[in-house]
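Chemist: Can you read through this structure? Questions will come right after.
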């Protein structure tokens with residue numbers, strides 16, 4: 001659909017944004033459904049974030065996505081924030097409703113949906129483990145605590161203080177006392193005895209970290225494991241390849257990427273995203 005005077009705009013606020021796949025995802029969806037909207041990525045330095053958000057309101061943008069380094073800093077400049085976004089302390093989606101801007105975090109739903117589609121109910125109450133303690137891990141840990149009530153949820157990080165901070169921040173959402181913290185050096189038993197293992201670190205991401213893995217001991221995986229890597233480039237990481245060779249069920253990060261985008265797309269357009277067209281576009285290269 002050609003752009004015209006009624007085209008609605010959506011943008012990505014971040015710095016840098018050149019690597020983002022979000023414009024490809026959403027513009028593919030808009031075209032597939034003849035939605036008169038366009039998605040652009042906008043580099044915004046931290047000191048300009050307030051002005052950028054004010055611009056969304058003044059220019060009547062349909063909404064926006066928010067990425068590094070603004071996911072936390074954007075909360076106080078929005079009119080309303082969902083409970084889940086406030087719980088994890090991060091917003092990745094903004095929706096304009098009249099003159100008000102609402103913030104949400106669709107990373108949580110985006111992470112959970114691929115698990116649910118692969119029989120995730122069997123993970124209810126199971127022991128789990130997450131590699132990483134950054135922003136991605138925060139959404140993952142909150143989602144697992146709220147949806148699966150794991151018997152044990154171990155956060156494995158190279159910086160124990162960061163993992164301890166994450167556990168403390170989410171303690172209010174851990175009524176069963178499931179959260180544990182471990183170093184990589186002490187995590188072997190937790191890896192072996194967890195039903196779900198999630199990589200929420202950049203290890204394995206192309207180009208700079210391709211071939212790296214958070215867990216170089218694949219013999220610790222079995223057919224009882226579900227191994228979920230949030231890395232989406234390449235689509236099959238070393239972690240997933242090695243875990244699958246041991247019989248584990250692999251889930252790649254491309255599914256989460258599309259699902260979190262679909263959750264935002266629905267809020268902006270009140271439509272389901274045409275995911276088959278989006279996957280085709282992402283895999284075209």
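Glycine residues also receive a Cβ, built from the backbone N, Cα and C atoms like all the rest.
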Chemist: 83, 132, 133, 134, 135, 136, 230 show up in Swiss-Prot as binding NADP(+); which entry in 55, 204, 253 does that record put in the same site?
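Modeler: Looking at 55, 204, 253, the one Swiss-Prot places in the NADP(+) site next to 83, 132, 133, 134, 135, 136, 230 is 253.
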Chemist: Same shikimate site as 20, 21, 22, 67, 92, 232 according to Swiss-Prot: which of 4, 34, 107?
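Modeler: That shikimate site, as Swiss-Prot gives it, pairs 20, 21, 22, 67, 92, 232 with 107.
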Chemist: Across all the protein chains here, work out how many other Cβ atoms are within 10 Å of the Cβ of residue 107 (shikimate binding site).
Modeler: 30
Chemist: Spatially, and counting Cα to Cα, which of the binding-site residues is closest to residue 71 (active site, proton acceptor)? Options: 22, 135, 230, 232.
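Modeler: Closest candidate to residue 71 (active site, proton acceptor), judged by Cα separation, is 135.
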Chemist: Compile a sequence-ordered list of residues in the same chain as residue 133 (NADP(+) binding site), six or more apart from it, whose Cβ lies below 8 A from its Cβ; state 'none' when nothing qualifies.
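Modeler: Residue 133 (NADP(+) binding site) has long-range Cβ partners 155, 157, 159, 162, 163, 165, 166.
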Chemist: Hey, of 83, 135, 253, which of those binding-site residues are within 10 Å of residue 232 (shikimate binding site), Cα to Cα?
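Modeler: Within 10 Å Cα-Cα: 253.
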Chemist: Just jot down the residues in the same chain as residue 22 (shikimate binding site), at least 6 apart in sequence, with C-beta under 8 A of its C-beta; none if empty.
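Modeler: Once residues fewer than 6 apart are set aside, residue 22 (shikimate binding site) is near 12, 39, 41, 65, 67, 261.
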Chemist: Within the same chain, and leaving aside 20, 21, 22, 67, 92, 107, 232, name every residue whose CB is within 8 angstroms of the centroid of the CB atoms belonging to the recorded shikimate site, in sequence order.
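Modeler: Going along the sequence, the neighbours come out as 12, 65, 257, 260, 261.
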